[in-house]
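Per Swiss-Prot, the features are as follows:
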- 92, 95, 114, 120: Zn(2+) binding site (BINDING)
- 128-233: coiled coil (COILED)
- 458: ubiquitin cross-link (CROSSLNK)
- 268-461: domain 'B30.2/SPRY' (DOMAIN)
- 16-57: zinc finger (ZN_FING)
- 87-128: zinc finger (ZN_FING)
């Protein structure tokens, strides 16, 4: 009988007096009794002492719990030797007594032993049936609310599905619109390209044959003149008899020489490169551009909003610095251009001259002489009847632009100038591998009461504002 008694003693020693189950994380109080850590924590729920031992009722001024690891091993051994039997439904797992009450604070079912333990002494504990009736009433109200929410959810789901379907149709319609519109634009561009090439060919056939004919005729006249000059030079070397002999024919031929000068051909081309809708498309890359007063030449006068500049009659007393242009009559845009695509427009009006473009941040701003001859400057210069660039490419102008659009594609090394009035291409620089920081450059060149003004763009056709 010793073995069963030993087994029983092991079970009793490994059982918590509060939950009546094997110890879980046992701790020892100052009086030497052991409890599960969670059990004693719930039993001593009050924030301040004194705290009473659940077994001997000894009082302690403060919580002082020491882990009991040997007891934890003993409880684990007892659990393996005598695993707890399955708890029947309606019976407390801790005390093996019928569940007869319900704790409203912890939402737990309680037996009589749970109530006697003192763990729930300050809680709202009610008989099982009363608690069940109250909970059933609450659940029925919750069900009513949930059913209403479910109705709303189904309605919202139907609306969302309908919206999704409508959006899908809208996207598909818009996709077809995009495809149709761009196909139309492609056809329009092809037709416009063919029309421009045809006009160029017609202009070439109209202008070049007379020019070639005139050049050939002048070549024949030059050859006849050269032959006559050679004859006269030879006759001048002859003695008197040879010089005067048959002179009548020679003099007649000299008198018959009549040089026909070539016809004056206008150098302005009637056909210009103009792509429909290009300027409107470029305005997608618009950005706010303002002038940097710290870079302005002392002769330049800037507006208060830093969007307009003109060349004044007097030189202002401004502090000199490496950032300031002098003697070049220039000013830079404040915004650095380091990547991406950028487009801005400048109202130049009927100015006699101007210069626009970009330059490197570190370009020499104290250069004397030809400012725009390369050296980190990419500038288009207008000089009354024609324009040139730092690449030394000259091109006459039939109708000087009143507003100039500048488009920079940094990564592509592309810089182009357009007439924003009609979209015609003014000039494109050869592809350039840009590096470092670029800044927009503005120069009125000549004095005029009319300023150059950076336009405010909204992106649509004709949305650029006129000068303020």
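Yeah, the Cβs are placed from backbone N, Cα and C, and that goes for glycine too.
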* Asked: Applying the rule Cβ within 8 Å of the centroid of the Cβ atoms of 92, 95, 114, 120, what extra residues of the same chain belong around the Zn(2+) site?
  -> 94, 97, 110, 111, 112, 113, 115, 116, 117, 119
* Spatially speaking, which of the binding-site residues 92, 95, 114, 120 is closest to residue 458 (ubiquitin cross-link)? Use C-alpha to C-alpha, please. => 120
* To do: Counting other Cβ atoms within 10 Å, pick out the least crowded of the binding-site residues 92, 114.
  => 92
* Fewest neighbouring Cβ atoms within 10 Å: which of the recorded positions 95, 120, 458? -> 458
* To do: Kindly assign residue 114 (Zn(2+) binding site) to one of the three DSSP-derived states: helix, strand or coil.
  => helix
